[in-house]
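Written below as structure tokens is the structure these notes are about.
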Amino acid sequence: MKKQLILEDGTIFIGKGFGSDTNSIGEVVFNTGMTGYQEILSDPSYCGQIVTLTYPLIGNYGINRDDFESISPAISGFIVKEASEFPSNWRNEQSIAEYFEMKNIPGIAGIDTRKLTRIIRQHGTLKGAICSISENPELILEKLRATKLRNDQVKKVSTKTPYPSPGRGRRVVLVDFGMKHGILRELNKRDCDVIVVPYNTTAEEILSMSPDGVMLSNGPGDPKDVPEAITMIKGLLGNVPIFGICLGHQLFALACGANTEKMKFGHRGSNHPVKDLQTGKVALTSQNHGYSVEENSISGSPLEVTHIALNDGTIEGLKHKEVPAFTVQYHPEASPGPEDANGLFEQFLQMIESHKEEGAAACQSVQI
Ligand SMILES: NC(=O)CC[C@H](N)C(=O)O
């Protein structure tokens, strides 16, 4: 089944379809990870995007029951050089073609994904369409150029109702903007008593759950499309310790008066070096973001830059100068990728402990 991949700039690639036979339109983004395709295709932050992988062989260890980052993938399509037809691994249960067919997502193989990546890097983000070879490319191109990409992805992928993930440790409210399950796993591993809540929960509702700390998850799209979350974070600041990841980091920055901007082609991969400006240490990190916090907007805000990307100098971490809150643009939960930054979850729990001690000391001094 021949298929075509048509880019907004008029480039056409011809390949072989796999997975669902449907046509699809989305923003085409590249990920440079050599492994971790299952976590990538199930990361809700890719909602509405067509993902291409620069590594040429994808699907060789199949799809297994453990490595999903969400129950249903939200991506709009998958572009690979070679989709392995004979996966081999003791955990393998399905090929990627079988999986995409089951989930009704179109894929296209036989594409020179490194050439495609160079086009995106030169041009900047592009919309693209995966469609049948029988479609008229001129008509598809017209449709593609006229298509406005959706701006309600967070609403689409966030949980509709709160749910608990109990533990015996600190109580953490985890705001789900399109959460990767790795974040929940990391909190549960540390025995946190977690309540996951929808993206549009108010600050009052969250505070009424008496959290020891609040986590702001990753999620898809432009942070400015979620104004209710910015209002919520403003209401939380200073009332409870906050740790934000990726979209959570961007929303936190907006709530503190800084600004975010769309990047030319984003960071997506498993080996992005990030420097901690306090310790000078460099961590290799897993990343997936197309927006970043604008550097010039920090000076008038109560924020301090704590981490930067070594590849292009963009902001990768922030902390609030007055209240207990810090955020990172990258993924300390990895899934997939290196676990260098995993200690940030401990840092969050330590921040909760210090905040509790300060609160107890303040109460004592009032009594005196
Ligand atoms: N992984 C994320 O949370 C991504 C954040 C945001 N959607 C971006 O692309 O920048």
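Note that Cβ sites are derived from N, Cα and C of the backbone, with glycine treated the same way.
For CYS246, the entry in TrEMBL reads active site, nucleophile. The Cβ neighbour count for CYS246 (active site, nucleophile), using a 10 Å radius over every protein chain in view, is 29.
The active site annotation in TrEMBL covers HIS331 (among others). Neighbour density for HIS331 (active site): within 10 A of its CB lie 28 other CB atoms from the protein chains shown.
Annotation comment: TrEMBL describes GLU333 (among others) as active site. Here GLU333 (active site) comes close to LYS180, GLY182, ILE183, ARG185, GLU186, ILE245, ASN342, PHE345: these same-chain residues lie at least six apart in sequence, with C-beta atoms under 8 angstroms from its C-beta.
The Cβ neighbour count for LEU247 (L-glutamine binding site), using a 10 Å radius and every protein chain shown, is 32. LEU247 (L-glutamine binding site) falls within a helical segment according to DSSP. The L-glutamine binding site annotation in TrEMBL covers SER45, GLY219, GLY221, LEU247, GLN250, ASN288, GLY290, TYR291.
The annotation domain 'Carbamoyl-phosphate synthase small subunit N-terminal' is assigned in TrEMBL to 1-131.
The region 'CPSase' annotation in TrEMBL covers 1-170. Looking only at the region 'CPSase' (1-170), the predicted model's pLDDT averages out at 97.
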Near ligand 1, which of the recorded positions SER45, LEU247, TYR291, HIS331, GLU333 are found, taking a Cβ distance under 6 A to any of its atoms? SER45, LEU247, TYR291
Sequence-ordered list of residues in the chain of SER45 (L-glutamine binding site) that lie 6 or more positions away and have a Cβ within less than 8 Å of its Cβ, or none, is GLY178, LYS180, ASN218, GLY219, PRO220, CYS246, LEU247, ASN288, HIS289
Whole-Å Cα distance, HIS331 (active site) to GLY221 (L-glutamine binding site), is 16
Taking the mean position of the Cβ atoms of SER45, GLY219, GLY221, LEU247, GLN250, ASN288, GLY290, TYR291 as the L-glutamine site, which residues outside that list, in the same chain, have a Cβ no more than 8 Å away, listed in sequence order? ASN218, PRO220, ASP222, PRO223, CYS246, HIS289
So which one is it: of the binding-site residues GLY219, GLY221, GLY290, which has the fewest other Cβ atoms within 10 Å? GLY290
Fewest neighbouring Cβ atoms within 10 Å among the binding-site residues GLN250, ASN288 goes to ASN288
